[in-house]
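Engineer: One structure is given below, represented as structure tokens, and several questions about it will come after.
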Amino acid sequence: MSRMRLIVAGAGGRMGRALVRAIADSDGAELAGALEAPGSELIGKDSGLLAGLPANNIKLSADLWAMSAEADGILDFTVPAATIANVAIAAERGIVHVVGTTGLSASDDAVIKSVTKRAIVVQSGNMSLGVNLLSALVKQVAKSLDANFDIEILEMHHKHKVDAPSGTALMLGRAAAEGRGITLDGHSARGRDGITGARRSGDIGFASLRGGTAAGDHSVIFAGPSERLVLSHQAEDRMIFAHGALKAALWAHGKPPGYYTMDDVLGLKDLF
């Protein structure tokens, strides 16, 4: 069976370079293109060399339409505006679109889902096995514990991360809300400062820390009367996200059009 030909969006960034390395290590995929933002000083650079690998003669380019002509999929960990632009082209080309971009708005998510009647999209706030297992556990614990247990989510990332709370924190918050039978939008508490008053019952709180080179630490705290339960995950290397994204692309190749998540890829929907 031929290898899946994949484009890496944002190939010059930290995550993009990790994706290039993951593809180079894979027996089931090969790099078909390296996408970078128009005007970037990295346009024309060799994607292999940028990723710390031998030269692969695949240069960074801003022309997704051209590079997608012979591709089977795109791995997209960029910024919301770029992802939304990529969605239309990926759908038109009929290639798998793996979306790991965070900071997307509700309207952005609606645009992504709007193409899935004719396109294959796999989207997740986090592509690692551990975090997706954590999400399933959070949902089950939130369902099992009563409202006397307050839910707080703490996350830490490197100092260069531009959005907060992280996409993973929001993913865990949605899992907790689903377990409680509520919506996160109506029960989210963020950025507490000053005289805030007592904690509102039923809220799911978020706190974000930024510093150093942390790849991603997440803890979900269930704080009850006289006891606390803490479920945590620490990412030690962003390669776990790259390998997860690659797994998602290979899983989705040949699937019917639709909207999929890592729960589908990892078979977690029927875990509990």
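The backbone N, Cα and C atoms fix where each Cβ goes, and this holds for glycine too.
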Engineer: Record says Gly10, Ala11, Gly12, Gly13, Arg14, Met15, Gly100, Thr101, Thr102, Ser124, Gly125, Asn126, Met127 bind NAD(+). Source is Swiss-Prot. Which of Glu30, Glu36, Glu92 does it list for that same site?
Structural biologist: Glu36
Engineer: Counting Cβ atoms within 10 Å across all protein chains shown, which of the recorded positions His158, Lys161 comes out on top?
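Structural biologist: By the 10 Å Cβ neighbour count, Lys161 comes out on top.
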Engineer: Can you tell me how spread out the NAD(+) site is, meaning the largest CA to CA distance among Gly10, Ala11, Gly12, Gly13, Arg14, Met15, Glu36, Gly100, Thr101, Thr102, Ser124, Gly125, Asn126, Met127, in Å?
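Structural biologist: Between the outermost Cα atoms of Gly10, Ala11, Gly12, Gly13, Arg14, Met15, Glu36, Gly100, Thr101, Thr102, Ser124, Gly125, Asn126, Met127, the distance is 22 Å.
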